Amino acid sequence: MNRILDSQADIAFLRWALVLIFALFGYAKWFDYEAQALIPLLDNSPLLFWMHGLFGIQGASQALGVAEWSIGLGLALGAWWPRIGAIAAAASALTYLVTLTLVFSTPGAWEVSAGGFPAMGGATSFLIKDLVLLAASVTLLKQALRANGA
């Protein structure tokens, strides 16, 4: 039983799950269907509204894809280099904090026909899972900081 409790398999599972998520979501950002789906999210975001004006619709999507791939790569490298892992885990946590703000800024986030909050509508059911991804990111950040002697 102590072997299981002392294992780092849970940390490895969280790490590689996040790497896969960032890889797949980053890949999707290079296609028009994803760029179009991001329009209402970015345009209504108090934190990301500027992206379409600066990069255009497809460029904003691709910029996010590059960021996601970079974070995923950093998380992967963090398995061997904890300093890189700490930076990537912090960036991952920030990513999920930002995406969670979209729940409050995206029109139709709460289903009016069902009385509004807590009835999820629109993108909310897709975004709410970012709470768990934020928790995984914070867990990896703590692990990386411990490995760095912090």
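Numbers run from 1 along the shown chain.
Glycine residues also receive a Cβ, built from the backbone N, Cα and C atoms like all the rest.
As given in TrEMBL:
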type: TRANSMEM; residues: 12-30; note: transmembrane segment
type: TRANSMEM; residues: 50-77; note: transmembrane segment
type: TRANSMEM; residues: 84-105; note: transmembrane segment
type: TRANSMEM; residues: 117-141; note: transmembrane segment
Revision key, fill the gap. Beyond a gap of at least 6 residues from its ends, the CB atoms lying under 8 Å from the transmembrane segment (50-77) belong to 15-16, 18-23, 25-30, 32, 34-36, 38-39, 42-43, 84-85, 87-89, 91-92, 95, 140
Check your understanding: Which residues, given as numbers and ranges, are at least 6 beyond the ends of the transmembrane segment (84-105) yet have a Cβ under 8 Å from it?
Key -> 15, 18, 22, 41, 44-48, 67-68, 70-75, 77-78, 123-124, 127-128, 130-131, 133-134, 136-138, 140-141, 143-145, 147-148
